[in-house]
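Quick look at what TrEMBL annotates:
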DOMAIN    12-337  domain 'Acyltransferase 3'
TRANSMEM  52-72  transmembrane segment
TRANSMEM  93-112  transmembrane segment
TRANSMEM  118-141  transmembrane segment
TRANSMEM  153-171  transmembrane segment
TRANSMEM  177-194  transmembrane segment
TRANSMEM  206-223  transmembrane segment
TRANSMEM  243-265  transmembrane segment
TRANSMEM  277-296  transmembrane segment
TRANSMEM  316-336  transmembrane segment
Amino acid sequence: MTAKKILLDVCAIRLILIILLVLYHAFAIFCDGWTPLDNYPEPAAYWWIGKSAYSFMLEAFVFISGYVYGYQIYRNPEKLSLKAVVQSKLKRLILPSIIFSTVYYLLFYDLGEPIWKIVYSILCGTGHMWFLPMLFWCFIFTFIAEKTGIRHIYIIMSAFVMVVISAVPLPLRLSSALYYFLFFYTGYLIKRKAWDVRELFSSRNTIASVSIYLCLFVGLTMLQSKYLGGGIQPTDIEIVNKGISIVIKTMIKLSIGFSGVIAMYSVTNHIIGQNSTMSQALIGMSSYCFGIYIYQQFILKYLYYYTELPYAVSPYLLPWAGFAIALVLSFVLTYLTRKTKFGNMLIG
């Protein structure tokens, strides 16, 4: 694929994923993502909308991050250095995380906590900012994996083991990074090694990948909801059974996530392959995705928990109104932020 083609598939996937992210958060109060509102109906259809939007969205974000990084290293191998990785990702990931986590904490968290606890929470990423330090570790893990010289198949096998042990609590979002590294490294290898995956984009394989994802998502989600419940608390079951349940839920998440990533990647490239002339607007719009990611949860949290909007509109209209408001306002805030030199450096 050409450089332009590569850019287009990443841009298209980012746009789809950012819409799914805002959609999920708009429906999070209905699908166990956020604290439900008091005396508020919970339509079953909205539970499914929230779950489907979330099902592979984060995994796909991580996959394309590795995909882009693999392409960068393929084009410029000298960028695979600890100094380059740390300097670049501290600026791109950790600095925005700390700044916006601080704002998030001031707005939505208890300021009466001990100062060390507040600082630690901010360093880990407050609210949805957890994703940024997690992604930072994925870059570090990839650098280590490449510098060890271990064969890629063994790294992938190790990544599967990391998924299992990701249930073990570790500081600074390392546990989350253990789970998501498999997706990051898979995307990285596709471009770093220039694997020919065009067969995935055929009509037959595209239909097959979507069908497999849908079957796994619906089937495994229903099984998990029926037998494992929405959440596991220490008082619910014995410690051993709890550990087994967590591992099973992680494997379910992995299966749905991977099948969804493959389906998304296949469908997007299939469509791009059928439409060789894609608007440059696609590239321009995708440049707003990071800013929309930053702002959308601030907006939705405020609307749902600090205004009368949930009780001023129909419960069946609320998530759609929240989705539209958050998407538009976060786009506007991103546009305004990028007008400043510091803001453009931060989220541009």
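Cβ coordinates are placed from backbone N, Cα and C, and glycine is handled just like the others.
A contact links the transmembrane segment (118-141) to the transmembrane segment (177-194), because at least 3 Cβ pairs that are 6 or more residues apart lie under 8 A. Listed as Cβ neighbours of the transmembrane segment (206-223) (distance under 8 Å, sequence separation of 6 or more from its ends, same chain) are residues 51-52, 55-56, 200, 252, 255-256, 259-260, 262-263, 266-267, 270. Of the candidate ranges 52-72, 93-112, 153-171, 277-296, 316-336, 52-72 contributes the most Cβ pairs within a distance under 8 Å of the transmembrane segment (243-265).
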